[in-house]
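Below: one structure, written as C-alpha cells.
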Amino acid sequence: MRPSGRQPDQLRPVTLTRHYTRHAEGSVLVCFGDTHVLCTASVLPKVPPHKKGSGEGWVTAEYGMLPRSTHTRSDREAARGKQSGRTQEIQRLIGRAMRSVFDLSALGEHTIHLDCDVLQADGGTRTASITGAFVAAHDAISVMRKKGQLTGEPIRDFVAAVSVGVVDGVPVLDLDYPEDASCDTDMNIVMTGAGGFVEVQGTAEGTPFTRTEMDALLGLADHGIRTLIGLQKQALGL
C-alpha cells in the first residue's frame, strides 16, 4: 500500500482552476494532491532576437518556488543573485513541452510567456507545471484569437506530464514527496494527446532499473497522461 493509500496506477486528486488571477491572459491553479502551482500565460508583443523578422512567435517559461512552499524556508533565488541549475532545467523543460504542440508561425511575432510559481510542493512540481501551463496557454490563445492577433491555429495538440517511479520494487504513478524521496527509480514523462513522447527523464537512484520496469513505467505514464489530458479538456469545456 502506498503512503497515500492509492493504487499503483492511481493519480492524486487533480484540479485545474482557470481564470485564477485577474490580469494575465491565461491563469490556472493546478493541484496534484498537495502540490499546488499557479501557472500564468502572458501575451507579449515581441519575440527573442533569433525570431525577429521571421514572422514567427515564441513560447517560453519561467519556474520558481515560493520560499515556504517546502517544509523549511528557502531563500528566494533573486536574493541569491542567480537561478539554480534545477530551476533552469525545469523552465527549459516547460518551454520545450509547450513548443512541441505549438505552430509558432500562427502566433505572428508574439511571445507567450508562461510563469509557473509553486505555492506548495509535495512532489511532481514540474509535471504539474506543464499540465497547468498548457491550459493557461490555451486560454491566452483564445484571447489572442478574439483580438485578431493570430495568423492561424497555433495549438496542434494537447500536452501533459506526470511522474512515475519504482518504489519498494513496485512501479507507481504520480509520486508524492515521501515516494520521490525513497524511490529506486524516478522518471518524468511528457506526452502529447496523440500519444507521442516529448520528453523522458529517468534516473536510477541506486538500483538500476530493468527494461521490464521501464516498459511498465512508460505504460503507467501513458495511462496517467491520457487521464490528465481528459481533465484539461474538461476544464476547458472541450
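Glycine residues also receive a Cβ, built from the backbone N, Cα and C atoms like all the rest.
With DSSP classes pooled into helix, strand and coil, the tally for the region 'Disordered' (67-87) is 7 helix, 0 strand, 14 coil. The region 'Disordered' annotation in Swiss-Prot covers 67-87.
The 10 Å shell around the Cβ of THR125 (phosphate binding site) contains 24 further Cβ atoms across the protein chains shown. Summarising the annotation, Swiss-Prot assigns phosphate binding site to ARG86, GLY124, THR125, ARG126 and lists sequence analysis as the type of evidence.
Neighbour counts of Cβ atoms within 10 Å were taken for the binding-site residues ARG86, ARG126; the minimum is at ARG86.
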